[in-house]
Each structure stands twice: as structure tokens, then as C-alpha cells.
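Some notes on the structure that comes next.
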Amino acid sequence: MNRIFPLMWYRAWTKFILLWAVYSSFFTPMEFGFFRGLNEDLFVLDIVGQIAFLVDIVVLFFVSYRDSHTYRMVYKRTPIALRYLKSSFVIDLLCCLPWDIIYKKSGRHEAVRYLLWIRLSRVRKVTDFFHKLEKDIRINYIVTRIIKLIAVELYCTHTAACIFYYLATTLPPSKEGYTWIGSLKLGDYSYSSFRDIDLWKRYITSLYFAIVTMATVGYGDIHAVNMREMIFIMIYVSLT
């Protein structure tokens, strides 16, 4: 389909960038919820990922496409470039901006962190991948749909978990007891001063809250405490 580059090279590249798209799609909500500035290791990984997506932007300026009217392949660079410029180029470029650096340089202004969500546009690379699998007659359609459904459920609960935790961090430490996690006690273990608890324990707790909320079982051990949390849970349950 794409003859401007050797076909095998381009296929390998699309698989490589798909892996980065999956990583970016899952890490973006986690970065928003759990991090106020990345540590050195995650920062380097973030920069490597953005460089990969910048290279992908260049590649997309040379990838041929099938004209929707004539059904013929278009190989000329000018119409290929114009087509990409009119479609997702601007969003793709914004996704590649070093938002962590911008956030730190802005004096850690909270509003800047909301711009991280632009990177969720990369999810379309994953959805396009599943769309191609569903059309591939060599692959069982039902199996593909089941895998896609599981992936969507995992992604929704993961994103909700990150937002649940973020909502708790919007209150100052002095009011942690007025949040779902700051007021939480499991047996003899208290989540007061939850910001100092191990990252993965905080994430698993948030994920547990998201899953039981989505399943509408609500055991009562974890529940919304303030108005923000109540509003988000109502929206979350309504949409899922």
C-alpha cells in the first residue's frame, strides 16, 4: 500500500510507533494523576517517545494513500503532504511538545498539566490497528472484538483510577481527610498522608476504586467524600 518506502521497512515502523502509542495512551493519564513533574528516568523515556513521534510526523508526509473518489493510490508528495497538513498534523505536532519541561518552566502552573490530554489523540493509532484486524479475513473477528473490548475496559478503568487520584490531590495536605483516599482505612492501615505512600500502592488502591465503581458493586470500604468526587463518579458510572 505504501510504496514510497520499502514495504517491510514501513510495516516495521508502524509496529514500532504502535507500541509507543500504547505506552503514551496509558502513561498520559498516569502522568496527569500521579506526577507533578517527571523524575529523571521517566523524563528521558518521555523525550525518547516524543522524538519517535516527531520522526513519525516526517514519515507521514511521504506515505501514499488511496483516493476516496478514484480509488487510485496517490504517490505524489505534494497532495500527500497537503492531505496530512489538513488532517492531524497540528494535533500530532502539539502532542510532541515537551509538556513536562513547559510545566516546570511555567512555575508548575496547574493549568499547563491539562494540556497533557492532547496526547490521547494517539489512541487513534491503536483504534486504527484494531480496525484493520477486524477487516482482516485471516483473523477471527470474534476474537479481535473480545480483545478490543478487554483493552477498552482496561483503559477506561486505568484512566478513571488516575483521575480519582488526581481529584484527591487537588485539596491541600491539611484537608486530605476530606478526600476518598485520605479518609480511607483498610483494617489497621490508614491512608492519611497518602502522598507519601508508595506509588504502586496508591495506584492499585485507585484502580480498585475505579473497578468496583464501574462494576457498581460498591462494597462501601471506599467511597466519595467531597462534591468533586461525587460528580465525577456520577459521570463515570453514567458513561460506563
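Glycine too: its Cβ is placed from the backbone N, Cα and C atoms.
Features reported for this protein in TrEMBL:
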type     : residues : note
DOMAIN   : 10-237   : domain 'Ion transport'
TRANSMEM : 12-30    : transmembrane segment
TRANSMEM : 42-63    : transmembrane segment
TRANSMEM : 146-168  : transmembrane segment
TRANSMEM : 203-222  : transmembrane segment
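Residues 25-26, 29-30, 32-34, 126, 130, 134, 176, 179-182, 194, 202-203, 206-207, 209-211, 213-214, 228-229, 232, 236, 240 of the same chain lie 6+ residues outside the transmembrane segment (146-168) yet bring a C-beta within less than 8 angstroms of a C-beta in it. Over the domain 'Ion transport' (10-237), the average per-residue pLDDT in this prediction is 91.
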